[in-house]
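K.L.:
There's a structure below that I have some questions on.
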Amino acid sequence: MKEIKVLGTGCAKCTKSVEVITKIANELNIAVHITKVIDPEVIMAYSIMTTPAIIVDEINVHSGSIPHREAIIMWLKD
Amino acid sequence: MFQVFTDIASWLVVDILGLSRATKLGDALHFFIEDTTKIFFLLLVMIYVIALLRASMNLERVRDYLAGKHKGVGYLLAASFGAITPFCSCSSIPVFLGFTSAGIPVGITMSFLITSPLINEVAVLLLLSLLGWKFTVLYVVVGMSIGILAGVFLDAIKAERWLQSFAAKALVRGKKASSGVKVAHISALSLKERHNFAKDEMLEIFARVWKWVIVGVGLGAALHGFVPDGWIQEHLGAGQWWSVPSAVLLGIPLYSNATGVIPVMESLIKQGLPIGTTLAFCMSTVAASFPEFILLKQVMQWRLLAVLFLLLLSAFTLIGWIFNFLTPFI
C-alpha cells in the first residue's frame, strides 16, 4: 500500500490536497494510507520550505501548491 | 491608459443604473467599479508577466544564496529577496525552519520574512497606478529599511536564545555544516514551462487576493463617498502626534494583505490623512497580524514573539512620525 504524507502547518491548501488525493485514489480504486503532518520539526526534517508538500513512500514529489490531477494519478499508479 | 476604467464605471453607474455622480451613492459606486475593474485587470496581466520572468526563482535558491553570506550584506540581500519572492503566509514556518537549518542567522531570516508581506510585485504595481511613483519609491524604501533594521536589531540582542529548542539546535547544526555555499542546480526552463508556471501563479494569486480587493476597494469607496469631505483633513490632517500610534494599534486587529489595503490608502490620502499616518496604518495592517504571530509560536518562545511584535509596532510608529514631520519639506 502506498504511504502518502501531506506536510503543512495547517493551511487551507493542505487540507484541500488531502481531499483531492483521497478522492482520486477512491476513483481509481487504489489503496493508500494518507497522513497529514503538521509537526514543524518533522517538516523541517524533510527540508521542505513551501507547503503543502507531498511525500510518497518517503520521497518528496511535490511542494508549494495543491497538486494537479495528472500528477496525483502518476504517483498513485507508479 | 486607465481612462477606459473610468469610462466603464461611468457607463455602468450613470447610463445603466441612472445614478448621478453628484450623489453620495453614485460617487461611491463609481469609485468602487473603477478601482475594482482597474485592479483586477492589472493583477491578471502583471502577475502573469512577472511570474514569467521570475519562474526560475525559488525559495531553495534564495536560501542557498543567503547561506554563508557575510552578515553585513546578508540583511540587505534578505530584504531584497523578501521583496521579490512571494510565498503564502502559511509557508512562514517551513521557510523560517528551512533558512534556520541552513545556518542563516535569525536576524537575516526575519529581514526576509518581514519584508515579504510588506513589499511584493502586486503591491508595487497598485501603488504605482493609484498613488504615483514618488509614493511607491517611498513605500519600498521604508518597507525594506524596516526589514533590514529589525533583522540587525534581532541579531544584536541575540534573538536565537529565544527560539524553540529544536529550532535552536537546527541553527547550530546548520552553522557547522554550511561552510561552503551550495547552489542548487536548476536546469533552464523552456518557454512552455515558464508559461505554465506563470498561468498557475496568476490563477492562484488572483484566487487568493480578489476578495481582499473587493473588501479594500469597498472600504475605500465608503470612505470616499460617505465620510464628509474635509472631516479627516480637519480632525487628523495636521498629523497630531497621537494619530500615528492610534493608527498602528487600529491596524493590528485588521488583518489584510497589501493588495487589500492599498485601495484604502488611496482613499485615506485623498481625504487628507497625512502620509506618515497612512503608511503607519497600512504597514501595521499588513505586517503585524495576530494569526501570523500565533503561527510563529511554533518556532519561537513567547519572549521573542513579544520583542518582535513591539519592535514592529515601534518601527511603524516612528516611521509615521518621521514622515508626518518631513512632509512639509518634501
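Keep in mind that glycine also has a Cβ here, set from the backbone N, Cα and C atoms.
Take a look at what TrEMBL says about it:
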type     : residues        : note
ACT_SITE : A:CYS11         : active site, nucleophile
ACT_SITE : A:CYS14         : active site, nucleophile
DISULFID : A:CYS11-A:CYS14 : disulfide bond
DOMAIN   : A:3-77          : domain 'Thioredoxin-like fold'
K.L.:
Which residues, sitting 6 or more apart from A:CYS11 (active site, nucleophile) on the same chain, put a CB under 8 Å from its CB?
P.N.:
A:THR51, A:PRO52
K.L.:
Which value does the mean pLDDT take for the domain 'Thioredoxin-like fold' (A:3-77) in this predicted structure?
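P.N.:
Averaged over the domain 'Thioredoxin-like fold' (A:3-77), per-residue pLDDT gives 87.
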K.L.:
What's the number of neighbouring CB atoms sitting within 10 A of the CB on A:CYS14 (active site, nucleophile)?
P.N.:
22
K.L.:
Can you check what DSSP calls A:CYS11 (active site, nucleophile), collapsed to helix, strand or coil?
P.N.:
coil
K.L.:
Using DSSP, tally how many residues of the domain 'Thioredoxin-like fold' (A:3-77) sit in helix, strand and coil.
P.N.:
32 helix, 20 strand, 23 coil
